[in-house]
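Feature annotations, reproduced from Swiss-Prot:
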BINDING   Thr56, Val57, Gly58, Gly59, Val60, Gly61, Lys62, Thr63  ATP binding site
Amino acid sequence: MSFFVNRIWYGNHFLQWMLVPFSWLYRIVIRTRRWYLQRFCQQLYPIPIIVVGNVTVGGVGKTPLVIEIAKKIQQKGLKVGIVSRGYKAAIKHFPYEVKLNDSAELVGDEPLMMARKINCPVVIAPKRNEAVRYLLDKHSVEIIISDDGLQHYKMGRSIEIVVIDGMRKLGNGFCLPAGPLREPDSRLKQVDFVIVNQGAAEGTYSMELIPKNIVRLSTQEEVSNDLFTSEVAAVAGIGNPQRFYSTLSQLGIKFNPYSYPDHHQFKPHDLNDIDLPVIMTEKDAVKCYSFSSDKLYYLPVEAKLNDSFWEAFWSHQQLQGYY
C-alpha cells in the first residue's frame with residue numbers, strides 16, 4: 001500500500017473528500033451484492049463454518065488468530081480444517097490441499113505457513129465453497145475455519161469474527177476508494193465477535209501478538225536476542241509492516257527497515273545485496289526456504305486472547321454440542 005494512499009485513508013488528506021461520492025456508490029453496490037448473494041446464492045453446511053475476516057484493506061493479524069483458534073479446537077479433541085483463497089498462488093487447479101513441501105509461490109504464503117504450524121488440512125480455492133466441499137468429502141472434519149472470506153457471501157457461515165488493527169483502526173471511516181473500508185462500519189454490529197489487535201474498545205475483545213524466540217531460517221534453531229547487538233535489516237512484505245518494526249524496537253533490536261508490498265514473492269536478489277543479518281516475519285520466511293542462508297532469521301508471533309473471549313466463543317449457540 002503506497003504512502004500516498006495511506007495519507008488519504010489514515011490521515012486527513014483533502015483528496016478523500018473528492019472520492020466520497022464514489023464511496024457512497026461503492027456502499028450501494030456492496031450492500032446490493034451482499035443481499036443478493038445471501039438470499040439466492042449462499043450454500044449452507046452441516047458443520048460450523050467460522051469466518052475470520054476484516055472490514056478494512058490490508059493486514060490486521062487474521063492468520064495468527066486462525067492458527068490459535070485451530071489449536072484451541074484441536075485441544076478439544078475436534079477435527080478442524082482451514083480454507084483460504086490462496087492469494088497469488090501459482091497453482092491453477094482448485095481446490096488444492098496444501099502440502100508441507102509446497103512452495104509459497106505455488107500455494108501462497110499464508111496457507112503454507114498455516115499448514116506448517118498446524119497439523120490439519122489446509123485447502124485453497126478462490127471459490128471457497130469448493131474448498132469447503134473438498135474438506136467435507138476428503139476429511140472427516142467437524143469444524144472449518146475460513147482464513148479471510150468475510151465478504152465471500154456465497155459461503156454460508158455459522159460464526160463471523162472480525163479483526164481490527166488497534167493502531168490504524170478504521171482509518172478515516174470511509175469505504176473504498178475514499179477510505180480503507182471494504183464494508184461500512186455498521187457491519188461490525190452484525191458479526192459475532194470483534195477483536196482488536198493490540199488495542200481495546202467497548203464491546204470488543206483484545207488480542208496481543210506475542211513475539212516468540214527468533215529462529216534461524218536455515219537450521220530452524222531458536223537464537224537469543226543477544227545475538228543481535230549491532231544493527232540488522234528488518235525485511236517485511238506484509239500489509240502493515242509498522243507493527244513488525246515496533247515489535248523489534250520493543251525487543252531492543254536496532255534495525256534498518258526494508259519494506260515490500262504485501263505478499264511480495266521474495267527472490268535471492270532481494271536479500272543478497274544486504275550486508276546485515278536479516279530478520280523477517282514468519283509469513284515472509286516461508287517464501288525464502290529455497291534460498292535460506294545463515295544470515296536469514298524470522299520472528300514468530302503467537303496470538304493471545306483473554307479467557308472472556310474463549311468463554312464467549314465456546315458458549316456460542318452454533319458450537320453447542322461440539323465440545
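Residue 1 is the first one shown; counting continues down the chain.
Every residue, even glycine, has its Cβ placed from backbone N, Cα and C.
Feature annotations (Swiss-Prot) mapped to structure.
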residue: Thr56; record: ATP binding site; contacts (Cβ under 8 Å, 6+ apart): Ile164, Asp165, Arg168, Leu170, Gly171, Pro180, Leu181, Arg182
residue: Gly59; record: ATP binding site; contacts (Cβ under 8 Å, 6+ apart): Asp165, Ile238, Gly239, Asn240, Asp262
residue: Val60; record: ATP binding site; contacts (Cβ under 8 Å, 6+ apart): Asn54, Val163, Ile164, Asp165, Asn197, Gly239, Asn240
residue: Gly61; record: ATP binding site; contacts (Cβ under 8 Å, 6+ apart): Val163, Asp165, Asn197, Met207, Leu209, Arg243, Ala303
residue: Lys62; record: ATP binding site; contacts (Cβ under 8 Å, 6+ apart): Val52, Gly53, Asn54, Asp147, Asp148, Val163
residue: Thr63; record: ATP binding site; contacts (Cβ under 8 Å, 6+ apart): Glu110, Met113, Met114, Asp147, Lys283
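DSSP assigns Gly59 (ATP binding site) to coil in the three-state reduction, placing it in neither a helix nor a strand.
A Cβ within 8 Å of the Cβ centre of Thr56, Val57, Gly58, Gly59, Val60, Gly61, Lys62, Thr63, the residues given for ATP, is found for these other residues of the same chain: Asn54, Val163, Asp165, Gly239, Asn240.
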